[in-house]
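Colleague: One structure follows; several queries about it will come next.
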Amino acid sequence: MVKELATETNILAIESSCDETAAAIVSDGTRVRANIIASQIAVHRRFGGVVPEIASRHHMENIVPVVSEALATAGLAFSDVDAVAVTYGPGLVGALLVGVAYAKSLAYALGKPLIGVHHLLGHIYAGFLAYPGLPLPAVSLVVSGGHTNLVYLEDHTTRRILGSTRDDAAGEAFDKVARVLGLPYPGGPELEKLAREGNPRAIPFPRAWLEENSLDFSFSGLKSAVINYLHHARQVGQEVNRADVAASFQAAVAEVLVTKTLLAATSYRARSILLAGGVAANSVLRRELRSAGEQAGLPVFFPPRELCTDNAAMIGCAAYYQYLRRDFAPLSLNAIPDLPLN
């Protein structure tokens with residue numbers, strides 16, 4: 001049972017699963033009083049992707065000033081914090097350990113509850129920050145660099161994974177195709193920008209539907225088809241319209257994601273659809289999913305773009321619902337890089 005609280009609950013949330021060191025203060029699961037992010041994009045760009053060891057070292061440098069800035073922005077002291085929340089998986093183990101170790105130390109020093117939050121659950125709850133009254137049950141499409149999942153949310157305590165990727169995640173495919181197109185890191189936003197100049201119907205790249213009514217995903221074949229198309233064109237000296245390649249690839253990914261999400265939502269009689277994760281910032285995916293939802297009579301919700309990428313506000317929102325049911329973590333909490341959503 002969810003317990004009603006008479007006073008405002010302030011949660012200090014920490015996120016360090018990949019290459020952003022983030023801290024936020026979230027009150028009552030809806031009011032973001034501070035959301036501070038120290039990004040490492042510029043650091044990793046020259047390597048074409050995140051270097052785990054470098055990411056961990058920068059988290060160690062950033063964690064204290066980021067938390068201090070979050071408290072200052074919120075106008076709060078440590079004594080005003082009711083609980084400390086932290087992402088403990090999935091993610092890069094070294095990066096996760098920095099956030100988890102700091103959060104455990106802080107919770108112990110303050111004598112406050114520690115709340116361990118699943119990173120993907122945080123992405124889902126970014127939607128509840130923007131839409132606290134989002135109708136449940138809902139189907140959430142979670143799309144990021146490392147994950148692609150369809151999740152059924154019956155309420156704030158019960159969820160079920162309906163489908164997952166069998167190989168590459170959608171965001172991973174975006175990044176790899178962007179790389180072969182010669183686009184800078186991070187590839188997803190750059191590919192979307194290039195695709196605006198192209199024809200999404202120019203190249204009939206394959207769509208992997210898998211078995212009939214399957215809610216799983218597969219993007220490795222599509223990724224390989226794009227790479228093979230580019231390699232063949234270069235071998236025969238054929239000029240390649242990179243914008244058409246980007247647009248056609250993006251259209252193929254969006255079509256599969258949208259079709260399977262609508263199938264899940266209608267099959268499980270969801271009252272709404274929630275888009276979440278870094279790829280949720282993609283304009284084509286947003287437009288196509290909203291259009292499909294309208295045709296099916298289902299409202300579609302997605303967070304503002306600043307809450308789609310990794311941040312601590314989403315962790316604070318998810319943690320609030322765990323706080324209500326006293327779902328606290330022991331001080332022995334450890335980082336779990338392959339933490340399952342179930």
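Cβ from N, Cα, C; glycine included.
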Colleague: Quick check on the annotation: Swiss-Prot has Val142, Val143, Ser144, Gly145, Gly146, Asp175, Asn282 binding substrate, so which of Gly122, Gly127, Gly188, Gly297 does it put in that site too?
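Modeller: Of Gly122, Gly127, Gly188, Gly297, Gly188 joins Val142, Val143, Ser144, Gly145, Gly146, Asp175, Asn282 in the substrate site that Swiss-Prot records.
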Colleague: Of Asp310, Asp327, Asp338, which does Swiss-Prot put in the Fe cation site with His119, His123?
Modeller: Asp310
Colleague: Can you tell which of the binding-site residues (Val142, Val143) has the fewest other C-beta atoms within 10 angstroms of its C-beta?
Modeller: Val142
Colleague: Sequence gap of 6 or more, Cβ distance under 8 Å: name the residues on the same chain that satisfy this around Gly188 (substrate binding site), in order along the sequence.
Modeller: Gly145, Gly171, Phe174, Asp175, Ala178, Gly278, Val279, Asn282
Colleague: Need the DSSP three-state call for Val142 (substrate binding site) to compare against my parser.
Modeller: strand
Colleague: Can you name the binding-site residues among His119, His123, Asp310 whose CA is within 10 A of the CA of Val142 (substrate binding site)?
Modeller: His123
